[in-house]
Amino acid sequence: DSEGGLYVCMNTFLGFGREHIERHYRKTGQCVYLHLKRHVIEKVPGASGGALPKRRNAKLFLDLETNSDLNSEDFEYEDEAKLVIFPDHYEISLPNIEELPALVTIACDALLSAKSPYRKQESDSWEEELQASKHAKTLVQLDNGVRIPPSGWKCSKCDLRENLWLNLTDGSVLCGKWFFDGSGGNGHAMEHYKETGYPLAVKLGTITPDGADVYSFDEEEPVLDPHIAKHLAHFGIDMLQMQVTENGLRDNDIKPRVSEWEVIQEAGVKLKPMYGPGYTGIKNLGNSCYLNAVMQAIFSIPEFQRAYVGNLPRIFDYSPLDPTQDFNTQMAKLGHGLLSGQYSKPPMKSELIEQVMKEEYKPQRNGISPRMFKAFISKGHPEFSSNRQQDAQEFFLHLINLVERNPVGSENPSDVFRFLVEERTQCCQSRKVRYTERVDYIMQLPVAMEAATNKDELIAYELKRREAEAARRPPPELVRAKIPFSACLQAFSEPSNVEDFWSSALQAKSAGVKTSRFASFPEYLVVQIKKFTFGLDWIPKKLDVSIDMPDFLDISHLRARGLQPGEEELPDIAPPIVIPDDPKALDIDESSVMQLAEMGFPLEACRKAVYYTGNLGAEVAFNWIIAHMEEPDFAEPLVVSAFGEVASSGAAALGAVGLDNQPPEEMVAIIISMGFQRNLAIQALKATNNNLERALEWIFSHPDLEEESEPALDTMDMENNANANILADTGSEGPRIKDGPGRYELFGFISHMGTSTMSGHYVCHLKKEGRWVIYNDLRVCASERPPKDLGYIYFYHRIPS
């Protein structure tokens, strides 16, 4: 509230705006609140040239999110704090040690010194400085002849292919722990340490010339390994090929990469700035250009504009008490900033002339700062919450996941990207086939390097480059591989080998091939060029190629056809089930199992609950038990497929408690202790999937709701709870798709400059009002030479029939 400030209940420590404080008092009877109000002191030139303070109220909504730097020397803050006693609104200015009891004074001081979520995220986003491991200098490495290839890794115990760690003592490749979001592994790397005592491991996929992610099992934290290059070289991994050479230049930082930066950013060309709605820049918060580029592309799509900006009044009306923690509010706020035109205004000519005459020209402060948006959307994510550079494609999928989990109204804007992929898998020995479908949002195109049309030039360039390197001369002018788009499309459609394929026809492992086709075509097709790979020398590299991406694309020939005449399907037989003899093989926390068993639950159900919730503790596992008690296999033993897949039907996601289940009694008790009625507490928890924080927000976003009896609570229309972050009920109809013709037109692309996704810079080009526009963080200009051949992610929209 820009005028009323913030009221904090001194009993529950919940914060409220002016419009909610009276309602909270009436419902709970809590009468003591801390009233916080901030004023911004803007300095204006005085008669003698000095700065005079000009006081104005701080706008807590959009002003703090613009590119105006309120921490600069032009502004100062003045905070005002009072203790307010209801219902008479009696105010006591703070500090006031003489009149207030010591306990109240201590509580007020604690609240005033606490960091707000907005400020806290700024410091939290910076990583703690890692310390060198005590084992790094004296690490013993076994001379066992192990050599690690640059790709194709899998856990040596469970065949998992993600979250893999290389033990730096014996070269074992094993999986990490299971994470709350469903990713991770089975904890075999930790088990290996317990068995052998080998302390250090490096995460595969993070190795760059600048270092790698190293974990010390003994010290139980990420560490630095000053000798990481030597330790990796022991297993045939050379990470120093791209380090500084004797002439002081990096192999990949010389002329070729400079050229890429110049071409993509259209350097050397005078670009005309663009202003107005849809031409607003976004401030780079420090390696956040990946976020800026993706969000510019997202909010150029009408469906996202309608869902968030079109519904802005409704979203704000139903926003929770803490809008910094609501996805839809943050999306609407960001979209409004980009599309309203309020933060993209051209400078007045009179102001420019006056500034030039006084030699005091300062560029117009336009654009928005997505600090609060980034804080929320990256919360809990180990990569996006850091200040490191990230992969724009991974962030796009992360964003779509959040859109799916936070529906706004009846329309889901991410439907425009969703399509079905038909996968045809064939057993090479029996020739029988299996057809399956999966959901996807991105078409990933491989780079067909073998189809380069300028191979002779590439060979000549490589010879000259090596000669120049040997003679320590500057390298020759870059020759970039020219790849036909048709070759990449052909490579996408070709069959690929299936590793570890188990044939149900043979009841054994066999060779298999897989072919992918479109079972449906999306309304908006996102195409990623797979430019990032590993070289044979284990160096992560980017394929510096030029691909003639078409303005008009027709992929109708990739439409799936289903089972064809003469084809015989593979029998629907599952792989054999293996019940582990050793319970530790599943990495189950037996102490949590026993805590649950003492409550009276079946032992096998307790083991499954702990396993499926990733050993996060008895409390989390208890919630899983409550959600799955009615399942027929609730008390059946935990069984695991021979290929590492959980065979039980109870493998639900963490915290997937259905809306029809009775909320945990301890959560109900917490809400009742805040002064709310029991029926209302149960209703709020059911409506928010038993999320305590969201339940409190839900209560205050439904002030006029009548307190009904419990049986009537289950019939509430979910549409009224659209902004309470309820998971969408997909039902049995399957994913919603918007199928249509496979003909598309290019309207945008995101380009990357640099040697890997962990470094460099992203820029977005969008076609608006018939011309191309470049979005380079805060800089928005008309594009003169859009580098469509150097893009990384391309956005196409369907051409109507």
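Numbers run from 1 along the shown chain.
Any Cβ shown, glycine's included, is placed from N, Cα and C.
Bear in mind that TrEMBL entries carry predicted annotations, made automatically and left uncurated.
Just so it is clear, the model here is predicted, and its values are computed rather than measured.
For Cys289, the entry in TrEMBL reads active site, nucleophile.
The active site, proton acceptor annotation in TrEMBL covers His761.
For His188 (Zn(2+) binding site), the same-chain residues that are 6 or more apart in sequence and have a Cβ closer than 8 Å to its Cβ are Cys155, Ser156, Lys157, Cys158, Leu174, Cys175, Asp587. Annotation comment: TrEMBL describes Cys155, Cys158, Cys175, His188 as Zn(2+) binding site.
Confidence for the domain 'UBP-type' (131-239), expressed as mean pLDDT, is 84. Sequence annotations record features per position, and here TrEMBL assigns domain 'UBP-type' to 131-239.
TrEMBL lists 280-799 with the feature domain 'USP'.
What TrEMBL records for 587-628 (among others) is domain 'UBA'.
For 662-702 (among others), the entry in TrEMBL reads domain 'UBA'.
Across the fold, the C-alpha of His761 (active site, proton acceptor) and the C-alpha of Cys289 (active site, nucleophile) stand 6 Å from each other. With the fewest other Cβ atoms inside 10 Å of its Cβ, the least crowded of the recorded positions Cys155, Cys158, Cys175, Cys289 in this structure is Cys158. Taking all protein chains in view, 19 other C-beta atoms sit within 10 angstroms of the C-beta of His761 (active site, proton acceptor).
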